[in-house]
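Novice: Please find one structure pasted underneath; my questions will follow.
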Amino acid sequence: MSRQQRLVPISLADLEHNAHTTMDLNALDYYRSGANDMQTLRDNQDAFSRLRLRPRILRDVSKVDTQIKLLGHSVGSPICIAPTAMQRLAHDAGEKATARAASRAKKCMILSSWSTTNAEDTISAGREIPVDDQTPGLPLFWFQVYVYKDRAMTETLVRRVEKAGYKALVITVDTPFLGRRLADVRNVFKLPPHMSIANFETKDSKVTMANVLDQPDNKLEAAANQVLKNQGDNNAAQGNNTKVVRQESSLAAYVVSQIDPTLNWKDIEWIRSITKLPIVVKGVLTAEDAKLAADAGCNGILVSNHGGRQLDGVLATIDALPEVLDAVKGRNVEVYLDGGVRKGTDVLKALALGAKAVFLGRPVLWGLAHDGEEGVALTLNLIQQEFELAMALAGCRQVTDITRDLVQYGADGRSKL
Ligand SMILES: Cc1cc2nc3c(=O)[nH]c(=O)nc-3n(C[C@H](O)[C@H](O)[C@H](O)COP(=O)(O)O)c2cc1C
Ligand SMILES: O=C(O)C(=O)c1ccccc1
């Protein structure tokens, strides 16, 4: 989309349009990009359009109730906030604004471990909003964990967020390396130097990408070379002493230097052994892995392709959802979905197929860029209102009325049901 006029936003698409007209290109490209050809990015939304609704009529829908429980905690709606890194790139109030808007809307928020506000300050901001006796579990915050090479650091972070009041750990398992987002490579994406990866900040040192990566020793070079090597650029990465011949996204280099690509199911056991919090694995796309996750005692599965930012060409999440649900049928594990959820009818379709809840990634960032806390509140309210209207028009008074017979694939029948 080119730089056009701002709209008075009445849909999430309008908020995205406006972000495209106002945001700085380094941040906008980082937020909007998918990996490589961005096929999966597009498919996440397109796949929702391939599903058709089968509404029921004459069911008294004068009142619609969207309240549900997530891992035992009540929330006002099955629409939740996915973890997105570095929210201060969108607005100075960053994660605090998102936390306040989430609390106001009675929605669950997952905080990214690569946030620009630390876990304690973010949850405190959410708690500034007065609670409502009707939903005693609120505010509900979960914490997203990347497992770092430094296990002691990972463990310290887990203990900190448990103490701070986060109610589940969401382990992201689709990012042993960062997917290749071409715009970020071209822009040599960097976190601006005045922002920090706040969870790793100490009294004496601020962790910025610049000070982790632009250090005089060879760490950056080694990390960047590793990225290039992973991408098959042998020219750039023959041996440890080779100079970097091409610039890279700093984020990709940072990920290589910090995140542990050896991560495997044993590590999930390890996390289980260091915390009492429920564990959600984020990034499951197949029946095989869903079974393994249930076997490993995970409490939740977030069907996600990371918003099309990791492996390009995988299934749209709404297309992967049925096999995951089939695989864990009868097991004690909640299944959620993210990716391409932009409209109330998308939420209805995901729930009809069997998802317990859905998570929004980019739309929250577009709201944040629009107007900080008020902008995120607008994102959440717009899609909440659309969802309530879609429920009513489909004949659903409460979330348990949203059943599988409400959707079919395409206009020509129900072959995949
Ligand atoms: C800018 C951006 C940053 C993200 N950062 C993280 C992150 O730090 N951790 C994580 O697990 N997922 C991250 N994700 C993936 C989201 O949690 C989510 O899976 C995805 O955005 C959902 O798709 P949607 O943007 O189409 O709603 C990020 C996504 C975006 C767009
Ligand atoms: O940009 C992302 O999609 C992302 O998930 C991420 C991964 C590592 C560090 C920061 C963000």
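The count begins at 1 with the first shown residue.
Even glycines carry a Cβ here, placed using N, Cα and C.
Okay, so TrEMBL annotates it like this:
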- 4-412: domain 'FMN hydroxy acid dehydrogenase' (DOMAIN)
- TYR30, TYR146, ARG181, HIS306, ARG309: glyoxylate binding site (BINDING)
- 83-85, SER112, GLN144, THR172, LYS282, SER304, 338-342, 361-362: FMN binding site (BINDING)
- HIS306: active site, proton acceptor (ACT_SITE)
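Context for these features, please: burial, neighbours, distances.
Specialist: Taking the Cβ of ARG309 (glyoxylate binding site) as reference, residues of its chain lying under 8 Å away and at least six apart in sequence are, in sequence order, SER33, GLY34, ALA35, LEU41, GLY179, ARG181. In this structure, ARG309 (glyoxylate binding site) belongs to neither helix nor strand by DSSP; it is coil.
Summarising the environment of ASP338 (FMN binding site), the number of other Cβ atoms within 10 Å of its Cβ, over all protein chains shown, is 27.
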Novice: What is the number of other Cβ atoms found within 10 Å of the Cβ of PRO83 (FMN binding site)?
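Specialist: Its Cβ shell of radius 10 Å holds 25 other Cβ atoms.
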Novice: Return the residues near GLN144 (FMN binding site) by Cβ distance under 8 Å, restricted to its own chain and a separation of at least 6 in sequence.
Specialist: PRO83, ILE110, LEU111, SER112, SER113, LEU169, VAL170, ILE171, THR172, LYS282
Novice: May I ask for the distance between ARG342 (FMN binding site) and TYR146 (glyoxylate binding site), taken between their Cα atoms and rounded to an integer number of Å?
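Specialist: Here the two Cα atoms are 26 Å apart.
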Novice: Far apart in sequence but close in space: which same-chain residues, 6 or more away, have a Cβ under 8 Å from TYR146 (glyoxylate binding site)?
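Specialist: The answer is SER113, TRP114, THR172, THR175, GLN258, ILE259.
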Novice: Ligand 1 is in the model; which of the binding-site residues GLN144, TYR146, ARG181, ARG342 have a C-beta less than 6 angstroms from one of its atoms?
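Specialist: Only GLN144 meet the Cβ criterion.
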Novice: As a check: which entries in ALA85, ARG181, ARG309, the binding-site residues, place their Cβ less than 6 Å from an atom of ligand 2?
Specialist: ALA85, ARG309
